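Have a look at the structure below, then the notes.
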Amino acid sequence: MTTILDELRWRGLLYESSDGLDDLLERERVTLYIGFDPSADSLHIGHLLPLLTLARFQRWGHTPIALAGGGTGLIGDPSGKTQERPLLSKEQVAANVEAIKRQLAQFLDFNAGDHSAMLLNNAEWLTRLSLMDFLRDVGKHLTVNYMLAKDSVRSRMMSETGISFTEFSYMLLQAYDFAYLFEHYGCKLQAGGSDQWGNITAGIELIRRTSGQKAYGLVYPLVTKADGTKFGKTESGAVWLDPKRTSPYRFYQFWYNVDDADVGKYLRYFTWLSAAEIEELEQITARQPERRTAQQRLAREVTRMVHGEAALARAEEASQALFGGSLASLSADDVADIFEDVPSITLPRQDLEGDGMSLIDALVRCGIATSKSDARRAIEGGGIYINNVQSADVGRRLTLHDSIDGQCIVLRKGRRHYHLIRLV
């Protein structure tokens with residue numbers, strides 16, 4: 001491989017790029033940027049591709065700029081949207097920017113000498129831009145005809161809801177971002193998802209018209225799933241990078257559960273593994289799909305990258321708990337997260353004080369057993385587990401000593417029939 005573009009090609013991450021970009025990257029190290037929309041107080045897994053694109057360029061010796069959209073976030077990007085988005089308050093956008101800046105920082109190297117990463121906020125220049133300056137310095141150079149020809153605008157113009165002037169102007173603001181970074185930081189390249197191509201080329205055109213110089217664009221494909229459903233969404237919503245919004249366990253499980261048809265592509269997109277390593281994992285999947293070897297490697301690589309080694313270890317311990325693994329090292333929060341979807345009952349903590357409650361009564365109250373005699377037979381048959389530890393004693397009583405952090409107890413019948421007791 002001679003340039004970063006060769007790596008992006010074999011990973012399937014080069015959807016479209018400006019003419020001459022290969023030659024530019026062979027000649028020199030460049031500064032590039034990708035913008036991040038602060039529409040929430042956390043990035044989600046859909047942002048991993050742009051984050052890793054910046055990181056991959058940096059590993060090839062280029063200088064990445066992660067641009068938080070503190071200014072453009074006040075407007076809202078219409079690209080890929082079928083209707084107008086509600087405007088966020090200035091205070092909410094500012095708070096979101098601060099939150100995502102911390103996440104952006106963990107993927108890039110800010111102490112890499114002459115190609116150290118930069119973290120900028122376009123509110124610094126957009127909020128100082130007067131309406132008169134905007135119309136003279138930006139609006140004058142891009143015609144309405146040019147803007148209407150862009151897919152992001154044309155598709156909205158054809159819809160019932162149309163597009164407001166506010167969102168229509170977003171393209172000009174993003175173009176100004178590129179021109180500003182070109183002038184002040186020598187940034188020659190903007191990257192983004194394929195739905196950003198129209199906005200990126202508008203910036204290239206603005207730079208050409210205002211400075212007579214050439215800038216470049218590059219877009220990667222939007223992430224898709226083989227079954228046609230939206231990537232990055234689960235039944236409970238988006239998969240966030242913030243562990244408070246999506247626990248490392250559920251983050252790990254998302255990647256572990258990807259389809260065989262997608263796992264090879266995602267290994268290329270979201271990990272640093274080599275082509276040879278990925279091809280070997282794909283061959284194992286083809287021969288023995290039930291082992292889920294590739295999915296496990298994908299889950300390990302991405303969880304470690306986002307949450308760290310310690311969180312990965314806990315996520316794997318938690319994953320084993322569903323298959324009878326030990327709960328000894330897990331917290332009550334971990335257990336509640338793992339067993340969120342299993343049947344549960346709530347009991348007063350005082351019911352387990354002192355001698356507590358008989359295991360037989362607990363099994364009946366949970367519904368694991370239909371009667372006391374049914375519970376007795378299950379215990380005597382060795383099929384009952386307390387916190388994944390087998391209990392064959394029909395005289396066993398549940399007390400607070402059995403609880404995890406005084407908050408919950410996990411009962412199990414057989415291999416997979418779980419029930420959670422929550423204590424209040």
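We count from 1, first residue shown onward.
Heads up, the Cβ atoms here are built off N, Cα and C, so glycines get one too.
Features of the protein shown, as given by Swiss-Prot:
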BINDING   Tyr33, Tyr170, Gln174  L-tyrosine binding site
BINDING   Lys233  ATP binding site
DOMAIN    357-424  domain 'S4 RNA-binding'
MOTIF     38-47  motif ''HIGH' region'
MOTIF     230-234  motif ''KMSKS' region'
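For the binding-site residues Tyr33, Tyr170, the greatest number of Cβ atoms within 10 Å around a candidate Cβ is found at Tyr33.
The sparsest Cβ neighbourhood within 10 Å, among the listed binding-site residues (Gln174, Lys233), is found at Lys233. For the motif ''KMSKS' region' (230-234), the model's pLDDT averages out at 78.
According to its DSSP assignment, Tyr33 (L-tyrosine binding site) is in a strand.
Between the C-alpha atoms of Tyr170 (L-tyrosine binding site) and Lys233 (ATP binding site), the distance comes to 26 Å. Largest Cα-to-Cα span within the L-tyrosine-binding set Tyr33, Tyr170, Gln174: 17 Å. DSSP states for the motif ''HIGH' region' (38-47), grouped as helix (H, G, I), strand (E, B) and coil, give 3 helix, 1 strand, 6 coil. Rounded to a whole value, the Cα-Cα separation of Tyr33 (L-tyrosine binding site) and Lys233 (ATP binding site) is 26 Å. Across the structure, Lys233 (ATP binding site) and Gln174 (L-tyrosine binding site) are spaced 27 Å apart at their Cα atoms. Gln174 (L-tyrosine binding site) carries a helical DSSP state (H, G or I). Residues in the motif ''KMSKS' region' (230-234) partition by DSSP class (helix H, G, I; strand E, B; coil) as 0 helix, 2 strand, 3 coil.
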